[in-house]
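Engineer: Sharing a structure, written as structure tokens. Questions coming.
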Amino acid sequence: MANSPHGGVLKDLLARDSPRHAELSTEAETLPALLLSERQLCDLELLLNGGFSPLEGFMTEQDYNGVVKENRLASGALFSMPITLDVDQATIDELSLKAGARITLRDFRDDRNLAILTVEDVYKPDKALEAKEVFGGDEEHPAVQYLYKTAKDFYVGGKLEAVNRLQHYDFVELRYTPSELRAHFDKLGWAKVVAFQTRNPMHRAHRELTVRAARSHHANVLIHPVVGLTKPGDIDHFTRVRVYKALLPRYPNGMAVLGLLPLAMRMGGPREAIWHAIIRKNHGATHFIVGRDHAGPGKNSKGVDFYGPYDAQYAVEKYRDELGIEVVPFQMMTYLPDSDEYAPVDQIPQGVRTLNISGTELRARLRSGREIPEWFSYPEVVKVLRESHPPRSQQGFTIFLTGYQNSGKDQIARALQVTLNQQGGRSVSLFLGETVRHELSSELGFSREDRDKNIARIGFVASELTRSGAAVIAAPIAPFEQARQSARELVEKYGDFYLIHVATSLEYCEKTDKRGIYKKARAGEIKGFTGVDDPYEAPAKPNLVVDAETQSVRSIVHQIILLLESQGLLDRF
């Protein structure tokens, strides 16, 4: 029999409200509507299907404050993560959000009405307190960054009524709700279920870890990966799910089931481990594996861990009686080549030879095409990963040239395009500053905001082309560091980004200006001209610095080609 839900009752709002579906659907069409973001949709889905039981809606101020300060809802029930609906003042005014108001919550992807929210309160959270108490306060933490840079200033609390399930078009057969997963366990006759949380591909060590956990507790295994929002830079869930499906036959027949969890992770370490345990309990699991640095985001820019390696295990141990799910702490598994087996690191005698491949090393091997040994992963898993990670010679990249008007960046970009076309193997796209201004950003001016929008558009287009394996050459002025960095972050989701500072002096750019643009700017005929009456922020960390005053275009292009070659991007075989 599946474990009882957190709080004793599964708050399956979809099942509860299905008799009123026609009535609620009609009302939803008449109410003011709020389009939810991707993260809000993840939260809503687990609120509607009972994954966040005992919650029946987004947290009110009383619940929110209790969770932030004490891991407690107003009822006294244990809950460790704030589940909130953030809005801005304009939305409050537009939708007349106040206690008693009813609004429709809508999917931004297809305008589908999903739920009706009855507002209980609208409040301004103490974000600094939330950042400190829930996530540890480090400003580099992904969740803290989200709080300050993305989340709106106000939260809306209230109860939900379900109108429709969210529509999914991928791996639908694996997207079990808590009720469906519980029924599946009952059908299989499983009395004990060990749940395994992951946001990464699984390899031999993970298979060994989960089988050991099942063996020691006479249980079966629920592989329960997150397919909502995870850490930026993680391998996409499409690839990961194909990996899990490839791995499943490696378990003894009937031992393991794969189910997908549409969770938006916060990377909250100890707090998140408690939350994950509650979610798995609601899905019927009796046991939950908590490993080293569970749900931690790794290290900050100074190389300091956001959390201690076993903080998450200590946190769930503290609340184990209340959680009502047995936590299975596990050390990292490592390979012993002399005996051809895996073992937990804390059980390996001193002097025994071990081997391991880190996530960073694995990604490097995938990018370079180097061998991934069979002791580390199964051939069928590696095959899936390689399908999503082509060799370097087939990966896209972006060359982003920045510098003053008439610095030579356009000539360099054109010459580089010709050189790469001669090389072959990839399509090559060229985005010169004036071309982009004419074709993509004709309505934009030259205020800082408009300049940043222009670079954001270039970054978006470059990222999509990079993802599809193209070579992209962009040569805008791009005077501001933050906009350039944002473009880098967009592109680096899918491939390499190389920032080339064309550091030709302003004096030389002006002296050799045959079009007379600088002269017009000096005369006041052109306003907001970079280098004259608008600033240029030199790149802090360019990949390459060149100067068209002292170097020929040919030699600069050769330097860029050598840079690309050194990264394996121009290998033909």
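Think of each number as a place in line: the chain as shown, counted from 1.
Cβ atoms here come from the backbone N, Cα and C positions, even for glycine.
Just so it is clear, the model here is predicted, and its values are computed rather than measured.
Grabbed the feature section from Swiss-Prot, which reads as follows:
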type	residues	note
REGION	1-169	region 'N-terminal'
REGION	170-394	region 'Catalytic'
BINDING	Gln197, Arg199, Ala295	sulfate binding site
BINDING	Gln197, Thr198, Arg199, Asn200, Gly291, Arg292, Asp293, His294, Met333	ATP binding site
SITE	His203	site 'Transition state stabilizer'
SITE	His206	site 'Transition state stabilizer'
SITE	Phe330	site 'Induces change in substrate recognition on ATP binding'
REGION	395-573	region 'Allosteric regulation domain'
BINDING	Glu434, Thr435, Val436, Arg437, Arg451, Ile477, Ala478, Arg515	3'-phosphoadenylyl sulfate binding site
Engineer: According to DSSP, folded down to helix, strand and coil, what is Ala295 (sulfate binding site)?
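Structural biologist: Note: Ala295 (sulfate binding site) is coil by DSSP, not helix or strand.
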Engineer: Which residues, same chain and not among Gln197, Arg199, Ala295, have a CB within 8 angstroms of the centroid of the CB atoms at the recorded sulfate site?
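Structural biologist: Result: Thr198, Val226, Thr230, Met265, Glu272, His276, His294.
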Engineer: Within the chain of His203 (site 'Transition state stabilizer'), which residues six or more apart in sequence place their C-beta under 8 angstroms from its C-beta?
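Structural biologist: Result: Phe376, Ser377, Tyr378, Val381.
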Engineer: On a simple 10 Å Cβ count over all chains shown, which one of the binding-site residues Gln197, Thr435 is most densely packed?
Structural biologist: Gln197
Engineer: Within a 10 Å radius of its Cβ, which of these recorded positions (Arg199, His206, Arg451, Arg515) has the fewest neighbouring Cβ atoms?
Structural biologist: Arg515
Engineer: Taking Cα atoms as reference points, which of the recorded positions Arg199, His206, Phe330, Met333 is nearest to Arg437 (3'-phosphoadenylyl sulfate binding site)?
Structural biologist: Arg199
Engineer: Taking just the CA atoms, what is the gap between Arg451 (3'-phosphoadenylyl sulfate binding site) and Met333 (ATP binding site) in Å?
Structural biologist: 50
Engineer: Consider each pair of residues in Glu434, Thr435, Val436, Arg437, Arg451, Ile477, Ala478, Arg515, all listed by the record as binding 3'-phosphoadenylyl sulfate, and report the largest Cα separation in Å as a whole number.
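Structural biologist: About 22 Å separates the two most distant Cα atoms.
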Engineer: Could you measure between Ile477 (3'-phosphoadenylyl sulfate binding site) and Arg199 (sulfate binding site) for me? Cα positions, answer in whole angstrom.
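Structural biologist: Cα-Cα, rounded: 39 Å.
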